[in-house]
Amino acid sequence: MKYIDIHCHLDSLDYDSDREEVLVRMREKEIGTITIGADLESSKKAFEIAEQNENVWACIGVHPNCLTEKSNNTVSTLGHKDNTLETVLSDFSPDGYFEKLVKNPKVVAIGECGLDYFAPRSSSGAKSEVGFSDKDKQKKLFKKQIEFAIKYNKPLMLHIRDSHSANSGQAYEDALDILESYKKVAGPEDAKLNGNVHFFAGDVSVAKRFLDLGFSMSFTGVITFTHDYDEVIKFIPQDFIMAETDAPWVAPVPFRGKRNEPTYVIEVIKKLAEIRGESVEVLNNQILKNFKRVFKI
Ligand SMILES: [Zn+2]
């Protein structure tokens, strides 16, 4: 394996017509990936893909945006159905389905989990964020997955997204408070809690707090078309930085606007090296080491 994309969604419906071809291109270019579950159904699918492909690992868990108010029959590219808080929490219980999946060595992380306070702008253009009760549910789900990760000694794959309202920064603040509280009461088991912050969008001070917790941070193709992350990319030590595609979304330049896939992670790694003023080869080797350390491969 020459490159690793530590976060993509190969189970996405976007690959239903040609998933095998995407996997063939990955093998040809010697690219590995962790394919991420967004809820139980998607985690099962991620697990199946990982089981069938040597260069694919799975991350299982429930994305905060996949919580539903009540059972429904809608199937989106990300979540599926019946993801009420009650159902999801029971899926993580000792006789729940996640317990069956987590015992397989191809399952290397728990998530993507965390807090997402981003809500689409209303039709009037007003900025908004998720309501208080939704935040409360997200926190309960997040804590459940932290405890699950501690129980099985697996790293977390964090998804944290801020709102674009005046409270910008609150999602990172709340997530860090929760993670720090687990480290603080830590017995020897809790102390092992670590992981990676996917699609990192915080500033240097937020990055410092994650580094203190032992978390690495990964960046997507977005860095190939904005300078917003340059400062924090330069700040993070080489042994705590990772590259990802978050495919099928946010394809890097020169594929911007097209469907993304794990082979494009090479563009993200090249850009990271350019921003940091490092050689692509040296940085890429370190990223491979980081991947093996954090996900215990
Ligand atoms: Zn994702």
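Cβ from N, Cα, C; glycine included.
Of the residues proposed, Glu112, Glu147, the one TrEMBL records at the same divalent metal cation 1 site as His7, His9, Asp246 is Glu112. Contacts of Glu112 (divalent metal cation 1 binding site) defined by a Cβ separation under 8 A and a same-chain sequence distance of 6+ are given as His7, Ile36, Gly37, Ala38, Cys59, Gly61, His63, Met157, Leu158, His159, His198, in order along the sequence.
Within the same chain, residues at least 6 positions away in sequence whose Cβ sits under 8 Å from that of Asp246 (divalent metal cation 1 binding site) are His7, Cys8, His9, His198, Phe199, Thr220, Gly221, Asn260.
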